[in-house]
């Protein structure tokens, strides 16, 4: 192929007779043989040789610039696609690495949680065994109580290196650790102190040489052959010695050389047998502890369990286990003897005690409980707990303010102990549980375990829960002033300012549109009042209910069936009668099922006792001359139904004898009984089982009074606004309060602490919650608000 130079048409590579494609896309003919430039015009065409017609139908040829341009374009596209591919590949690799790491993290988390669960189960079994022994004096048969085993440790045991290499590596590591400890100033004298603690724990005197203990006594200590007399002596040891034992157990991992030195007198066969037993029981958990940092970290979190467990006496705890603490160090491959400098050791001991005193408060959470346990074990017997009434806690006065404490001591009241005794709510067994300081472990359970009856109240655990809104009752047109539950059925009655009462069956629900709660439609509406309904009471059998209104009447109703048809015809027999005697609004009602009597208090200043079944239902009238003011609330005394308590707008509350109509005790919060408080009382309730009265005040306070002396035993600011309503659960464990700050608060009557706060209603005209109630037999609570809603919580 010849290379020809072209003129205006450019260069071309082609057979001379064929046309060629220039860079610009124009066809050009090759120049003549004489090298004259071909202009691509007609003269050049004439000299081209063959005619042009058949030449145009042949395939077009490419020029070098066009080919280079195409190659460069394709190469750029290929490089771009390759770059995109590499980016996608890197992203996918990063995604794969992230998912692998996430999977590995989840597996590690799962293993750690499984390990913790096993350790918690093991610790709980130990605590139950100790509790059973402390309560009944006998060992609890739980089978072979073994430390939990983990898969990683089993594989490590299976792949154990030869003993000689392991011993050599262990020696080198120990020497390196000694060098590091010397560099940071942690000398052998500290180890000497640790050695001395081991000797004191074994009962050896300081003057005895190392290894001089008799083999028989040592074997008895190590293998658990301890007599009951020795156990009793250990329980009566001074608390200081036991606390030293706790300090040792907190900080020291036992010295392997000292342990091996002390068991030299044990026969070889028994030693091997004991080591074999250790391996079976623990599966290398203690021996390979340093090889598995996760296991070591998990075990460190349970140091407080070891401390509490060894509180009964270090010797007893050492001798009664499976030999874990001793056998762990028996596996050490070497043994050394440390010389103890008694003078230096005693100085370091004193210095250590001083340091521990400074750290003791923040070091151990359960330290106080352990000290209380030691003190209680030193006494001849546990504090006596009276069987019907609460006992006084030794630490109750220290938990109160000086002012309130002085009042409590004057009145000798039935206090709510918040300390060691805790016998207001709990029985003697719960006192023992709190003394042991189990903390959260006391609530843990292990499946397939023996069920020990601790004589706890039946409904105590049922109430230890979080209440959540479940039902919303929306059919009233004005504020809901009062509500009450049926004694047995899941049925609620509400009284409203819209002049009506409504009956609700909580089992007939309608799903709400935009809420997790359920709407309930009323199944019956009571209509007889000609004004707002202010108060409500239901009989103990649930067959009648009573309502008091601003029209000064008390309406007596027969309760319809919970399964009544809401669209049934009107039944006139539902309204059983009307009790007329008051001349102003009836603000409070209370019913007693013992004598089927009804109490009412009115704005006319009187409190009236009714027996609705009689022809003249009004039995007696109290405070007829308004000598104490205007009554605001009334209730029967729970532990003495022959008495009732009434609160007044003057800030005082009076206990009346229903038989004699005489006032017995005035409950006043003032130090000087001649002065009366101006704090308006909105609600008064009586504790169901104790001689205690609780009042809710306009000044945001809730106050507790002793019914026998009339003295206030506790006072607390309970809400951010006026406290309007109170309710005590049927077991007397919890108190519920409602306020105009839109919140419901649940209080533990033992500790006077708020267990839960619920924001339930909205404000309307600066008022929010009017009433709260517990269901007598089911897990329901309810609240009534000024926003025309009633809410039920489960």
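The backbone N, Cα and C atoms fix where each Cβ goes, and this holds for glycine too.
A quick note: this is a predicted structure, and the numbers were derived from the prediction, not measured.
Looking at 278-308, 309-339, 340-370, the range annotated in Swiss-Prot as region 'Disordered' turns out to be 309-339. Between 138, 149, 401, 415, Swiss-Prot assigns phosphothreonine to 149; no such entry appears for the others, which is not proof they lack it. Which of 1-59, 473-531 counts as region 'Disordered' depends on Swiss-Prot, and there it is 1-59. The candidates are 255, 397; Swiss-Prot tags 255 with the feature phosphoserine.
Comparing 227, 561 with the features listed in Swiss-Prot, the residue bearing the annotation phosphoserine is 227.
Ranges compared are 70-78, 79-87, and Swiss-Prot records region 'Caveolin-binding' for 70-78. Matching 164-181, 182-199, 200-217 against Swiss-Prot, the residues noted as region 'Calmodulin-binding' span 164-181. Long-range neighbours of the repeat 'WD 6' (764-794) within the same chain, counting only residues 6 or more positions beyond its ends whose Cβ lies under 8 Å from a Cβ of the stretch, are 462-463, 465, 467-474, 476-485, 487-488, 490, 492, 494, 496, 498, 504, 506, 517, 520, 721, 724-730, 736-744, 758. The residues of the repeat 'WD 6' (764-794), classed with DSSP into helix (H, G, I), strand (E, B) and coil, number 0 helix, 17 strand, 14 coil. Mean pLDDT for the coiled coil (76-135) in the predicted structure: 93. Its Cβ taken as reference, residue 200 (phosphoserine) is surrounded by 16 other Cβ atoms within 10 Å in the chains shown. Secondary structure by DSSP for the region 'Caveolin-binding' (70-78): 9 helix, 0 strand, 0 coil.
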